[in-house]
C-alpha cells in the first residue's frame with residue numbers, strides 16, 4: 001500500500017476534517033483542514049476528495065462537524081439543524097450512492113440516540129463517522145483478498161480511473177488485490193488508463209502504484225484496445241460509484257467502453273465495491289442520475305492554453321453505466337457476486353445482515 005497516504009480523517013481533537021487535496025497530486029501533497037459544511041461541500045464537489053467510499057466518509061465527518069457547534073437546547077431544534085446540513089451536503093454530487101448512504105446512516109444514529117442529552121448525541125455522531133471510516137478500511141482489505149483469489153502471479157491487469165487508497169479509507173477497491181499481491185510477491189503488471197478528462201488514472205493511480213513499487217504503465221484511454229490485443233491484459237479491475245439491483249454499474253466515464261473491449265477480447269471484467277455502494281432500491285442503470293460537469297474540464301483545465309475552439313459544444317458526463325451482462329463478477333467484502341445479479345446481490349445482503357446480527 002502507498003506510504004503516508006491518508007485521504008480523509010478527523011483530526012485527533014475531532015475539530016476538523018483533514019483531507020489530502022487530490023486536485024494537486026502528483027505535483028504536490030497538501031492536506032486541508034475543513035471545519036464547515038461549506039468547505040466539505042466544496043471539497044466533494046471540486047474533487048479535492050473523491051472516490052465513492054471516501055466521499056461517504058467525508059460527508060459523515062462533515063455532517064458531524066456541521067452540528068458539533070450547535071447551541072440547540074432540545075432535540076427537535078438540533079434535529080432541524082442536522083437535517084439542514086444533511087440536505088446541503090447531499091447536494092454536492094448526485095451519482096455516488098455512498099454519499100447518501102453515509103448521510104442516512106448518520107441520521108439513523110441520531111434517531112437511535114434521540115432521548116440522550118445533546119452533547120451525548122454529538123459524541124455518538126462522531127463515533128458513527130469514525131466507524132464508517134474504520135469499516136471501510138476493513139472492507140477494502142477483504143475485497144482485496146477475494147479479488148486476489150481470482151489472480152495468479154505475473155498477470156497483467158488493466159484499471160480505469162482511481163479506485164485505490166486515495167478513493168477509500170485504506171487499500172482501495174480495484175487496487176486492493178494489486179497491493180496485497182505486491183506484498184506477497186505476485187509481481188503484477190498494471191496498465192492504468194489516464195482517464196480523461198480529469199486524468200485520475202494518470203495523476204492518482206499511477207502515483208499511488210509507483211509509491212507502492214508496483215510495475216505500472218500509463219496509457220491513453222484509446223490505447224486500451226491495443227494492449228488487450230497484444231495479449232498483455234489478463235483481467236480488468238475497476239471500482240464503481242453505484243451498483244443497481246440488476247448489476248448495472250455506474251463508474252467513471254469510459255468504463256463501459258473498457259468493458260466492451262474486454263468482452264471482445266475474452267478478458268474477465270471485475271467490479272470491486274463495498275456493499276455500501278450497492279443500491280438495491282435502484283432497479284437498473286437507467287435509474288442512476290449521471291452527473292454532468294463543466295465544459296472547461298475538457299477544453300482547457302489541464303492545458304497551458306485552451307485546446308478546443310471557443311464556443312464549441314461540449315458533452316462532459318462524469319460517469320457512464322456498464323451493463324450487467326458485461327461484468328464477469330462484482331467483488332465485495334461479503335463475497336463475489338456473479339450473474340444473475342438480481343439474485344446474487346440479494347444473497348450478499350443476506351450474508352451482511354447475518355454477520356451484523358452475529359456481531
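For all residues, glycine too, the Cβ spot is worked out from N, Cα and C.
Going through 83, 93, 281, 294 against Swiss-Prot, the one listed in the substrate site together with 50, 51, 52, 200, 251, 252 turns out to be 93. Separating the Cα atoms of residue 93 (substrate binding site) and residue 241 (active site, proton donor) is a whole-number distance of 11 Å. Cβ neighbour count for residue 52 (substrate binding site) (all protein chains, 10 Å cutoff from its Cβ): 29. A distance of 5 Å separates the Cα atom of residue 200 (substrate binding site) from that of residue 161 (site 'Transition state stabilizer').
Report note: the substrate site is defined by 50, 51, 52, 93, 200, 251, 252, and the residues of the same chain whose CB lies within 8 Å of the CB centroid of those residues, excluding them, are 55, 96, 161, 162, 163, 167, 239, 241, 318, 319.
The Cβ of residue 51 (substrate binding site) has 31 neighbouring Cβ atoms from other residues within 10 Å, across all protein chains displayed.
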